[in-house]
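Annotated in TrEMBL:
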| type | residues | note |
| --- | --- | --- |
| ACT_SITE | His20 | active site, proton donor |
| BINDING | Asp28, His98, Tyr120, Ala121, Asn122 | substrate binding site |
Amino acid sequence: MKRHGILNSEIAAVLARLGHTDTICIADCGLPIPAGVLRIDLALRPGLPSFLDVLDAVAADMEIEAVTLAQEIRDCNPSLEAEILSRFPNTELAYLPHENFKAETQACRAVIRTGEVTPYANILLRSGVPF
């Protein structure tokens, strides 16, 4: 059994298979997940697990070169936006209208669904390389 890092076998496998510029999404419990995209559903009940707990665990195991947020997070969930930005101070950042953000999930290697119940608690993580 693993002692460190991601214990969830599906998430660990997705992260191990990522190539440069592949994307994954960490989502609140309301984001629609397109048919054909791997859904890793961690939601147990409202708030569990939280978006930030999952983001922190994934970010500790993934080389991230860019993040994308829905632009609506600025007005509808500024405290979460600040938490996210504090975690990625030197990482490329983009904002998209929420409808465009949802369209981008079609190209994700996986969408990890959390129990988060706050608005626009969704992020696209683009894989980088550690060299």
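In case you wondered, yes, glycine gets a Cβ from its N, Cα and C as well.
Curation plays no part in TrEMBL annotations; they are all automatic predictions.
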Cα distance (Å, whole number) from the residue listed as 'active site, proton donor' to Asp28 (substrate binding site): 25
Shell list (substrate; ref centroid = CB of Asp28, His98, Tyr120, Ala121, Asn122; cutoff 8 A): Ala27, Gly30, Leu31, Ala70, Glu72, Ile73, Asn77, Phe101, Glu116, Thr118, Pro119
Per-residue Cβ crowding (10 Å cut-off), top of recorded positions His20, Asp28, Tyr120, Asn122: Asn122
Recorded substrate site residues Asp28, His98, Tyr120, Ala121, Asn122, farthest C-alpha pair in Å: 13
Separation of alpha carbons, the residue listed as 'active site, proton donor' and Tyr120 (substrate binding site) (Å): 26
Between His20 (active site, proton donor) and Ala121 (substrate binding site): CA-CA distance (Å): 24
